[in-house]
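Peer 1: Please find one structure pasted underneath; my questions will follow.
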Amino acid sequence: MAKSPMAILALGLAAVVLSGAGLASGDPVESVVTDAFFDGIKSQAADGGCPGKSFYTRQFFLDGAQANPDFGKGGTSDDGKREIAAFFAHFTHETGYMCYIEEKDGASQNYCDTNYPLWPCTSGKAYYGRGPLQLTWNYNYGAAGQKLGFNGLDNPEKVAQDPALTFQAAFWFWMTNVHQVVPQGFGETSRKINSGECNGGNAPAMNARANYYVEYCKQFGVDPGNNLTC
């Protein structure tokens, strides 16, 4: 039976919808981040004085990824792997190969920004870097806490005490601030993580991040793309 013009149009629209549904694709995160990959990073941390070696685990990372199904997804499988490589490049740099849970000398820094009245700093609390991406500043702790169900302003220490929460907080920051710029190149993810390193602010640190990223892309068998630095 010959199809009517409207039926043909409907089929065409359905094809477009199905095609669009495949725009966000990627291999399962657990198939990319293997035990060997995760432990290979951790094994490069110093033997002593590294509380993160027992704190950071692949399973808690995977739990965090599963709760954020858009993570590691892109137009192609390679795009997804590049995002995973970018996450781990920053994770490696921020924590010294998963050595540190808290920012070194962070307690001596003032990370209270009073320009965010919605997230007022609690007296006696410090909002220095904690976790895989070193969550920092009162406004990030407050917003992360609201999203994840803990009091980030009154109890920022929990990010460094609860291994499940530490990855949840890292993924909150990533999906809120970084995920959307991944297609623009690794350099833009560095800008979102620590803009102070960009434009000559701290070239060695910026380049170190990029080097980790290139290495992890190599391990995943994907081209790192352009715009590696900021």
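Just so it is clear, glycine is given a Cβ too, placed from its N, Cα and C backbone atoms.
Below, the features straight out of TrEMBL:
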- 1-26: signal peptide (SIGNAL)
- 32-178: domain 'Glycoside hydrolase family 19 catalytic' (DOMAIN)
- CYS50-CYS99: disulfide bond (DISULFID)
- GLU94: active site, proton donor (ACT_SITE)
- CYS112-CYS121: disulfide bond (DISULFID)
- CYS198-CYS230: disulfide bond (DISULFID)
Peer 1: Could you give the number of helix, strand and coil residues in the domain 'Glycoside hydrolase family 19 catalytic' (32-178) as assigned by DSSP?
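Peer 2: DSSP composition of the domain 'Glycoside hydrolase family 19 catalytic' (32-178): 76 helix, 4 strand, 67 coil.
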Peer 1: When the Cα of CYS121 (disulfide bond) is compared with the Cα of each of the recorded positions CYS50, GLU94, CYS99, CYS198, CYS230, which one is closest?
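Peer 2: Nearest in space to CYS121 (disulfide bond), counting only the recorded positions, is GLU94.
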Peer 1: Rounded to an integer, what is the Cα-Cα distance in Å between CYS99 (disulfide bond) and CYS230 (disulfide bond)?
Peer 2: 26
Peer 1: If I restrict to non-local contacts, at least six residues apart, and a C-beta distance under 8 angstroms, what lies near CYS50 (disulfide bond) in its own chain?
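Peer 2: Result: GLY96, MET98, CYS99, TYR100.
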Peer 1: Give me the long-range Cβ neighbours of CYS198 (disulfide bond): same chain, 6+ apart, Cβ under 8 Å, in sequence order.
Peer 2: GLY187, SER190, ARG191, MET206, THR229, CYS230
Peer 1: Identify, in sequence order, the residues in the chain of GLU94 (active site, proton donor) that are 6 or more apart from it along the sequence and have a CB within less than 8 Å of its CB; answer 'none' if there are none.
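Peer 2: Same-chain residues close to GLU94 (active site, proton donor) (Cβ under 8 Å, separated by 6 or more) are TYR100, GLY129, PRO132, LEU133, GLN134, ILE193.
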Peer 1: If you count, for each of the disulfide-bonded residues CYS112, CYS121, CYS230, the other Cβ atoms lying within 10 Å of its Cβ, which residue has the minimum?
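Peer 2: Sparsest of the disulfide-bonded residues CYS112, CYS121, CYS230 by Cβ contacts within 10 Å: CYS112.
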